[in-house]
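Peer 1: Here's the feature list from Swiss-Prot:
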type	residues	note
COMPBIAS	284-298	compositional bias 'Low complexity'
COMPBIAS	386-397	compositional bias 'Low complexity'
DOMAIN	309-692	domain 'GRAS'
REGION	1-43	region 'Disordered'
REGION	233-253	region 'Disordered'
REGION	268-298	region 'Disordered'
REGION	316-391	region 'Leucine repeat I (LRI)'
REGION	378-397	region 'Disordered'
REGION	410-475	region 'VHIID'
REGION	485-516	region 'Leucine repeat II (LRII)'
REGION	526-614	region 'PFYRE'
REGION	617-692	region 'SAW'
MOTIF	323-327	motif 'LxCxE motif'
MOTIF	441-445	motif 'VHIID'
Amino acid sequence: MINSMCGSSVSLKSENSRNKPQPTSPNESVLQSKKNATQSSADLEQTSLNLTPPSLNLPALKFDLDGDVEVQSPDSSMWESFFSDHLLDGDFMISSPVRNNVPSPQASTFNSNYNYAHQGIQSQSLSGCSPPRFSSPLGAFNSNKGKGLSPLHRVFNSPNNQYMQHVENLALPAIEEFLEEYQGDHGLGGGGGYSNSSNKVSSDIGSSSECFDMQNHIPSMLDSLTMQNSSRYCGSVSEDSSVHGGSSQLSQDSDFYHQMGSMASASLSQALQQERYQEKQQKQHQTQQQQQPQQQQQNLTVPIPIGMDQEQDSGLQLVHLLLACAEAVAKEEYMLARRYLHHLNRVVTPLGDSMQRVAACFTESLSARLAATLTTKPQSISNGTSMPRSSSSSCLSPFPSNSIEVLKIYQIVYQACPYVKFAHFTANQAIFEAFEAEERVHVIDLDILQGYQWPTFMQALAARPGGAPFLRITGVGPCIDSVRETGRCLTELAHSLRIPFEFHPVGEQLEDLKPHMFNRRVGEALAVNTVNRLHRVPGSHLGNLLSMIRDQAPNIVTLVEQEASHNGPYFLGRFLEALHYYSAIFDSLDATFPPESAQRAKVEQYIFAPEIRNIVACEGAERIERHERLEKWRKIMEGKGFRGVALSPNAVTQSRILLGLYSCDGYRLTEDKGCLLLGWQDRAIIAASAWRC
């Protein structure tokens with residue numbers, strides 16, 4: 001999803017302050033401005049521009065040394081493009097661990113009584129190992145000013161959805177027999193995942209107590225959806241000539257939909273009676289071959305809610321169609337899946353509401369999986385059509401993953417949503433506190449990219465009472481040239497801030513790292529930082545990597561990962577979890593950007609759609625988005641000899657301040673055993689934790 005490429009947006013200038021008192025904390029200007037701020041939301045937004053100390057603001061990427069000597073930053077168009085848009089923007093500095101906590105800003109329009117406990121969403125987990133999310137709401141950010149639940153969330157929270165009510169009995173509707181059939185070599189998931197008990201389906205997975213007949217109701221549901229004449233989000237797999245009987249099947253589909261269309265507006269009982277009558281008539285005029293498409297729809301059990309308004313019902317039916325299509329793909333009922341995709345491609349659009357947009361991404365991903373399955377094995381699916389994957393060398397993105405255009409798209413996410421800022425300054429705060437009073441410090445960044453996380457951290461070290469320590473950063477990345485360029489830029493910044501600095505580049509994949517590459521030195525305090533990166537390390541290499549990190553005896557290890565379970569062994573479970581997770585993200589984008597926003601469309605197309613495609617369409621080594629929940633990471637880290645370190649009250653306070661700077665009230669901050677989770681409404685999105693040996 002969002003990784004360290006998004007980075008910190010900061011101004012890069014220091015100023016000769018010999019005639020000014022030394023700040024006792026790099027966050028002092030933030031704290032003072034917050035003390036004088038009023039409680040209105042307008043004033044809250046005004047303070048967002050005062051978070052960077054005045055001594056660090058400049059209208060250009062220049063570094064002053066002694067007032068009259070000027071050093072121009074290196075000619076790095078990528079850095080200049082990234083930072084130039086944010087020279088006037090504030091950013092979060094790091095609180096000294098000795099400072100007192102500051103209350104969170106609270107706008108007068110906030111309602112602190114907001115509580116989602118009645119929704120019961122915390123019982124949603126396919127793997128059964130999710131922590132009790134959002135059980136300890138923090139501050140004034142549990143407000144009800146945000147959006148209501150999306151159609152997908154209403155599916156999960158509907159009282160009619162019996163299979164969504166209890167975590168120990170969470171069920172995918174009527175698939176237990178299918179899962180049993182795939183216990184052996186025919187499983188559709190897994191492959192390179194982390195080994196633990198969640199890699200097999202729990203026997204607690206059950207089905208709703210009442211069987212729902214898809215044969216009777218899916219056709220009417222299809223016709224009741226609003227047809228759109230806009231261009232399709234992706235090509236329909238039903239038009240693929242590689243599928244046998246394509247033209248004749250389309251004709252049968254048309255007849256089938258026409259025959260069942262009159263049921264759309266009828267009540268449930270009337271629809272059943274009318275269908276039975278039509279079936280009797282069909283038996284007299286149709287052959288057994290024409291009846292097969294109807295017979296293939298048996299045992300697909302997705303409940304259709306009754307009594308909702310038309311808009312909600314349309315969104316819910318769209319969700320049911322996606323689940324039915326995913327189940328057909330999982331059961332290898334390809335002709336039936338083709339028909340669902342044919343209809344989905346007619347009703348979804350990347351320009352509609354959040355439910356339609358996320359459905360468009362999942363529809364395209366299902367099409368890619370089905371198309372590849374019909375021509376080759378899922379393991380060979382590549383991510384190289386209309387949905388680029390920035391992490392794959394085989395993707396056919398309109399521009400390279402490290403181009404200025406992509407960086408600008410990441411910057412849009414960084415500015416519009418708090419997820420990346422939360423990851424960076426929470427990790428930086430933990431590292432800063434672990435380095436207190438240390439004279440020589442060493443940071444190993446396991447995914448340095450452009451190094452955007454570190455300018456604010458370096459500013460904090462420069463403002464430390466007593467002067468900055470000697471700082472060494474080891475940057476790891478797959479491309480040594482890019483890592484070296486990042487080191488050159490950070491070296492220039494450190495020089496402008498008068499920080500003794502050294503950069504050590506390592507051009508390797510994480511699974512290929514060796515202990516000597518860290519260049520560990522005696523007398524240095526060590527921190528290891530990983531933001532949204534460890535989930536991509538193959539399971540067979542993850543244990544060795546963590547053991548090697550532990551042997552380096554770091555003072556602190558900061559781990560930030562997406563709070564989702566996308567590494568289960570079964571395709572249908574991963575699909576449902578991903579649908580829930582990305583629906584929440586698209587909802588947050590919907591509340592952040594204006595309607596018909598071109599920026600939002602770029603974010604969804606080039607950041608989140610490739611992730612969805614990788615989770616849904618790819619298998620084996622090609623499936624790299626293997627997100628795990630915080631509880632799973634706890635087991636992994638503790639199993640390798642690490643113990644958790646509670647994030648400090650300063651981290652909590654600054655997270656509250658961060659959320660107060662965003663106009664949307666849907667963001668939620670919670671604590672879980674010393675860790676912090678940031679989410680949207682009732683769904684956790686990202687989790688931050690700290691560890692020691």
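Any Cβ shown, glycine's included, is placed from N, Cα and C.
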Peer 1: Sequence-remote contacts (6 or more beyond its ends) of the motif 'VHIID' (441-445), Cβ cut-off under 8 Å?
Peer 2: 4, 431, 435, 451, 453-454, 457, 461, 469-476, 518, 520-521, 524-530, 552, 554
Peer 1: Helix, strand, coil residue numbers for the motif 'LxCxE motif' (323-327) per DSSP?
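Peer 2: Final tally across the stretch: 5 helix, 0 strand, 0 coil.
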Peer 1: What average pLDDT does the predicted model assign to the region 'VHIID' (410-475)?
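Peer 2: 94, rounded to a whole number.
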